[in-house]
Amino acid sequence: MAKITQTMMAQVLSLVGGSGNVAKCGNCMTRLRLTLNNSALADHAALKKISGVMGVVESDAQLQIILGPGKAQTAADMMNALIESGDNVAPAVSEADLSTIAAQQKKQMKSKQTSAVQRFLSKFATIFTPLIPGFIAAGLLLGIATLLEQIYVVGQTPSEFMLDLVAYLKVFGKGLFAFLSILIGYNAQQAFGGSGVNGAILASLFVLGYDPEATKGIYSGMSEFFGFAIDPRGNIIGVLLAAILGAQVERKVREYMPDDLDMILTSVVTLLIMGAVTFLIIMPIGGELFKGMSWLFLNLNDNPLGAAILAGLFLISVVFGIHQGFVPVYFALMEAQGFNSLFPILAMAGAGQVGASLALYARAKKETTIRTQIKGAIIPGILGIGEPLIYGVTLPRVKPFVTACIGGAAGGFFIGLISYLGLPVGLNTVFGPSGVVAIPLMTSADGIFAGMAVFVGGLLISYTVGFAATYFFGCKDVDLS
């Protein structure tokens, strides 16, 4: 795969309209995310031809350039450096461009509702992506600790060293989840246009304790809010609601606040308003929403058909860049079950891609371009990074993308069926890698080995069905050159 270079980023910047057309540059695990002032200036066809670019996705004013794992952060750093240097400015808009821009605006108006949803959900990438490496690290360490515990502690006479090692490996996950709400509150309020620290403070209201007799946690110093009982329910849903609404309140307060008093009073007024709203409205409503979301997805996950639908449609959400919208559901399931039972179901979608791509490889002749593409993308796909296969192999050919979704649905059906029969499995953390890398992170009510076995079974079924469906039904009239 091509290396991210300064020259490559300068080329990308030129093709999106120059530095003057980039309002914001960020990234997720695999994508460079550019918020453009005028999306009509971006040359999608030319961007896709750049060596190292695996695909381009547009979500309203945000252009997402797929670069692959380990490269998006480097690309974002280089891009921001180029923008700050001011070496590349946006080209002037000529009269010839006006018809193109008008057509683009018409297209945006027609898809206003869809774009608004996409725009909202895409912000979840900004909230949760910086936390994903921590989720993965804590999950892997917890998986290793649980494995050691099963082998050397349960039913054994463990050494002091082994007990200390297990406790040490688990402590990072406990630390992450103890204060995770504060991190999410910070990122959420910042993502929606407010000050991150205000979001963190509002999120801390859900972490503090309100029972003076409690022996655990940090007592807030108050047990009621002006006569109203305080029940810090809602968990991540409540935190997100408080931070998102808090950002809107902060922006509105700032509109009316004199510049000289902005730094001193804007946050004060915002916190006073949002503290009351959080205690009186958001905590009760967030609690009910949290329970409802948990109930819905627990029932979907325990239903083979529901699990198949979720797994089969997940790749479509990846294509539109809105798959981060599932993250709040992950939190709800962690709270309800102690593990994330939705994640292994959705992970089957990537396995279906692997099976479909292997079928295309088998059908294609030697020394063809598609074989070269698959060779470069299949290992990341097996390891859980599916975007190279999606944008480089299956999606451009359409039929294999559909049969890959069928393969994912088959694996999802299997995991849902096992759950329906009484053995739900899930990830031991909120978010983690998919593919074979996720195997040691799997757990269940019957222990980690049962969880790992069910997950591997689902992967094998998705590989097999994705391969068979593509080999027999997904290759006709498809470019295999």
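Indices start at 1 and increase along the chain as displayed.
Cβ from N, Cα, C; glycine included.
According to Swiss-Prot, the features are:
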DOMAIN    1-89  domain 'PTS EIIB type-1'
ACT_SITE  Cys28  active site, phosphocysteine intermediate
DOMAIN    122-481  domain 'PTS EIIC type-1'
TRANSMEM  124-144  transmembrane segment
TRANSMEM  165-185  transmembrane segment
TRANSMEM  190-210  transmembrane segment
TRANSMEM  225-245  transmembrane segment
TRANSMEM  263-283  transmembrane segment
TRANSMEM  307-327  transmembrane segment
TRANSMEM  342-362  transmembrane segment
TRANSMEM  376-396  transmembrane segment
TRANSMEM  406-426  transmembrane segment
TRANSMEM  448-468  transmembrane segment
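Long-range contacts of the transmembrane segment (342-362) within the same chain, counting only residues at least 6 positions beyond its ends with a Cβ under 8 Å from a Cβ of the stretch, are 297, 301, 307, 310-312, 314-315, 318, 323, 326, 329-330, 333, 370-371, 374-375, 377-378, 381-382, 384, 386, 389-390, 393-394, 397, 400-401, 403-412, 415-416, 425-427, 431-432, 434-435, 438, 442, 454-455, 458-459, 461-471, 474-475, 478, 480. Long-range contacts of the transmembrane segment (376-396) within its own chain (CB-CB distance under 8 A, at least 6 residues past either end) are made by residues 1, 30-31, 54-55, 66, 68-69, 315, 318-319, 347, 349-350, 353-354, 356-358, 360-361, 370, 404, 433-438. Classification of Cys28 (active site, phosphocysteine intermediate) by DSSP places it in coil, neither helical nor stranded. Nonlocal intrachain contacts for the transmembrane segment (448-468), taken as residues 6+ away from its ends with a CB within less than 8 angstroms of a stretch CB, comprise 143, 146-147, 150, 311, 339, 344, 347-349, 351-356, 358-359, 362, 403-404, 406-408, 410-412, 414-415, 418, 423, 425-426, 428, 435-436, 438-440, 442. Taking Cβ pairs closer than 8 Å, the transmembrane segment (406-426) reaches residues 301-312, 314-315, 333, 337, 339-346, 348-353, 355-356, 442-446, 450-451, 454-455, 457-459, 461-467, 469-470 in its own chain, all 6 or more past its ends. Along the domain 'PTS EIIB type-1' (1-89), the predicted structure has mean pLDDT 83. Helix, strand and coil residue tallies for the domain 'PTS EIIB type-1' (1-89), in that order: 36 helix, 22 strand, 31 coil [DSSP].
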